[in-house]
There are 2 protein chains.
Amino acid sequence: MEKEQEVNENKQELNENKKEAHEKLQGNLLIGQGGGPTSVINASLAGILSKAKQNEGIHNIFGLQNGLEGIFVKELFTLSKEDDEFIEKLKYTPGAILGSSSYKVDDPDKEAELIKFFKDNNIKYFIYIGGQDSMKSLDHISKVAKKSEYDLKVIGVPKAIDNDIPITDHCPGYASAARFIAESTIGAGRDLEATKSYDDVAIMEVMGRNSGWLAAASSLGRKTVDDAPHLIYLPEKEFNEEKFLQDVKEIYEELQFIFIVISEGIKDTEGKLIADKDPEGPAKYLTKLLYQEMGLKGRVHKLGAMQRSFAFSTSQIDVDEAFMVGQQAVTDLENGWSDIMITLDRASGKDYYVVTGRTHLAEAIKETKNMPKYLINPEGNFVTYAYYQYAYPLLGKELPNLARLSGIPVILT
Amino acid sequence: MEKEQEVNENKQELNENKKEAHEKLQGNLLIGQGGGPTSVINASLAGILSKAKQNEGIHNIFGLQNGLEGIFVKELFTLSKEDDEFIEKLKYTPGAILGSSSYKVDDPDKEAELIKFFKDNNIKYFIYIGGQDSMKSLDHISKVAKKSEYDLKVIGVPKAIDNDIPITDHCPGYASAARFIAESTIGAGRDLEATKSYDDVAIMEVMGRNSGWLAAASSLGRKTVDDAPHLIYLPEKEFNEEKFLQDVKEIYEELQFIFIVISEGIKDTEGKLIADKDPEGPAKYLTKLLYQEMGLKGRVHKLGAMQRSFAFSTSQIDVDEAFMVGQQAVTDLENGWSDIMITLDRASGKDYYVVTGRTHLAEAIKETKNMPKYLINPEGNFVTYAYYQYAYPLLGKELPNLARLSGIPVILT
């Protein structure tokens, strides 16, 4: 509990919106899932359900079908009767079980319809699990309700494999995607090393339009200089082709193979996306460049939608935290909060320790969190040890120590 | 032991090449890894090492660097001193730790050099872990040695994610690749279901030029009619576009989304590869076709090299069996065998049970094993229950039961 105290003391206090003594909840709760699925977005739903079911003031628990679209097609799931066995399975179920969409509430007709729907169905509480776009929609819906003088409490639960929501130490969903990317890099790296008589280079292309959090995660399985990845390029730093060729040359000469990870969003010195240089994508463009300039034969790995859907590399810490933020959203409703997003706050110190906190929705949507400078090396081609310290504990159980032969080959007759 | 007896009784006896009373081994052992890595090719090496280290007649254990290429660059790993900790780690290390290549011994100069190399280094025993091409090379090397009157014993240890070597019930490496494909399908299937407001169809493209074993494995996580995959197309059956469109229509109308798995090697009614119809591959071609003919929006998943390199979905049964065939190769050398490949033989009956067996190399390389008819449904668009019975036990621990909502959405006001 000492740690918990420390975290709370470090936190900015929120004084608005919090009622001094909370009144008993009275009405129906609506839950939605927005944006792309993650390995643990259903664990957050499980957390909400497990807690909401215990509150007698919440009469019905409804689930939106396909995000905000569900409000307008007026088809809802009734979740009140789902049992503990369902909730336990849900923690480990990939996808977004309610369905998702990019549907927005953005014109007066829709707004009126939304308020009518909430009134007609006595929905007084709305918890939305999603990324920054979903938090923006939630903030907007809350404002529409206020304008209509409809008493609605809204709470946001973050999820993002991109890890780009500010204020929270990290986003539920990131840790599992990071673990999958680290494991994929270990495997594909060993594969290249085993088949370096076929190919010289592998380039793995990872999600991340503006931020390099996912690409950075490829570093987490690296234990020796031979291990992949050898270079990582992120959107936060400009990508210089000359420098890139020099980086590759140095490492290739030493190892006779090289494994590179790039974010899909890397940009050249003029701010132009490398992705725009080739219809087959930036990794393909760079393998062609390496072949042309240095004669290196390359292969490409694109992790694609696996980054958010492969749920068998789930980090147990991620599952537990996603569940925890879900539960906390209900607790915060019970304590009279509204217009906030639940956060994960990390204690300083040697051991990893987080508690839930909260921030105004307005703060959570103000800007996008890219990787800060101190997590990227000055050369802009790898992460720093500080990133490793930040991200490694999120992965849950440690990544394995793999076998390495003890000697270099001997020359025989 | 009853089961073991049954398997042995069912097995064709091999009478050639087996010496009645085995003489003590005397000389050096060479081990190589050929072809593409698998999740467990190193586990077979671990099995060989663990057993060979105990035999005092084997003076040195050498490892080829990069498959047969190692013989000609004359760089070998000395493996005799690797300890038990290394061997234990090796069981779970992806890649092929000795390195691999597609190098062949195919001209008289090379053959003479090979025999000289074996003589100079007193190599009397050669165990080669690989697919059918490697078994062919091994058979050839044995013949070259015989022609040169050089006393060399050779034993093949199978590996193939494609599962296409005959006689053995299955190939080490298949089970882990199958598990990964099943898990990927579960995740990507739930992802599509969650985002069916964005896309209607997903097509996953899986390895398999001639055989559908890997694509078939996508079925193994399916537990309800909603679960992916809904259709599977394999190279063993001709692919008819008209029939395909009809198949898709029926399922899409019922579910409002559809997940399809295809082998990269599916061919049309004239025997032409679907892959040849589009530079972006057969899955992309078919998503375009579905959009054009039915207006369905599609996404593509290509699992690529992950199928052989993602070693964190390893089947424990696969690891154990790969280790076992490696150990058996040394035992068979000790018992005087040569020119054979180790096999896995399954007992009939309710419970999964395998023992190692052996076959002449000549039998193992005679033909490639595609999926037999009874494992594919008559319509040619899914596997049969018999496939499920064949493959499911290979996966090791069971695939999880995931959450499903108990009701369909209710219409609200």
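Each residue, glycine too, has its Cβ placed from N, Cα and C.
If you look up TrEMBL, you'll see A:Asp162 marked as active site, proton acceptor. Under the three-state DSSP scheme, A:Asp162 (active site, proton acceptor) falls in the coil class. The C-beta environment of A:Asp162 (active site, proton acceptor), restricted to residues of the same chain at least 6 apart in sequence and closer than 8 Å, consists of A:Gly131, A:Cys171, A:Tyr174, A:Met207, A:Gly208, A:Ser211, A:Trp213, A:Leu214.
Using a 10 Å radius centred on the Cβ of A:Gly36 (diphosphate binding site) and all shown protein chains, the other Cβ atoms total 25. The diphosphate binding site annotation in TrEMBL covers A:Gly36.
In the three-state DSSP scheme, A:Arg209 (substrate binding site) is classed as coil. For A:Met207, A:Gly208, A:Arg209, A:Glu264, the entry in TrEMBL reads substrate binding site.
TrEMBL lists A:1-28 with the feature coiled coil. When averaged over the coiled coil (A:1-28), pLDDT in the model lands at 60.
As annotated by TrEMBL, domain 'Phosphofructokinase' applies to A:29-330.
Summarising the annotation, TrEMBL assigns site 'Important for catalytic activity and substrate specificity' to A:Asp133. Applying an 8 A CB threshold to same-chain residues 6+ apart, the list for A:Asp133 (site 'Important for catalytic activity and substrate specificity') reads A:Gly34, A:Gly35, A:Ser102. A:Asp133 (site 'Important for catalytic activity and substrate specificity') carries a helical DSSP state (H, G or I).
According to TrEMBL, the site 'Important for catalytic activity' annotation covers A:Lys159. Taking Cβ-Cβ distances under 8 Å and a sequence gap of 6 or more within the same chain, the neighbours of A:Lys159 (site 'Important for catalytic activity') are A:Gly35, A:Thr38, A:Val40, A:Ile41, A:Ser44, A:Ile129, A:Gly130, A:Gly131, A:Cys171, A:Pro172, A:Gly173, A:Ala322.
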Subset of A:Gly36, A:Lys159, A:Asp162, A:Glu264 (recorded positions) with C-beta under 8 Å from chain B: A:Gly36
Cβ neighbour count within 10 Å of A:Met207 (substrate binding site): 22
Position of peak Cβ density within 10 Å, selected from the binding-site residues A:Gly208, A:Arg209, A:Glu264: A:Gly208
Listed in sequence order, residues not in A:Met207, A:Gly208, A:Arg209, A:Glu264 with Cβ within 8 Å of the centre of the substrate site Cβ atoms: A:Asp162, A:Val206, A:Asn210, A:Ser211, A:Leu214, A:Ala215, A:Pro235, A:Ser263, A:Gly265
Site extent for substrate, whole Å (max Cα pair distance, A:Met207, A:Gly208, A:Arg209, A:Glu264): 7
Rounded inter-Cα distance in Å - A:Glu264 (substrate binding site), A:Gly36 (diphosphate binding site): 17
Integer Cα-Cα distance in angstrom, A:Arg209 (substrate binding site) to A:Gly36 (diphosphate binding site): 14
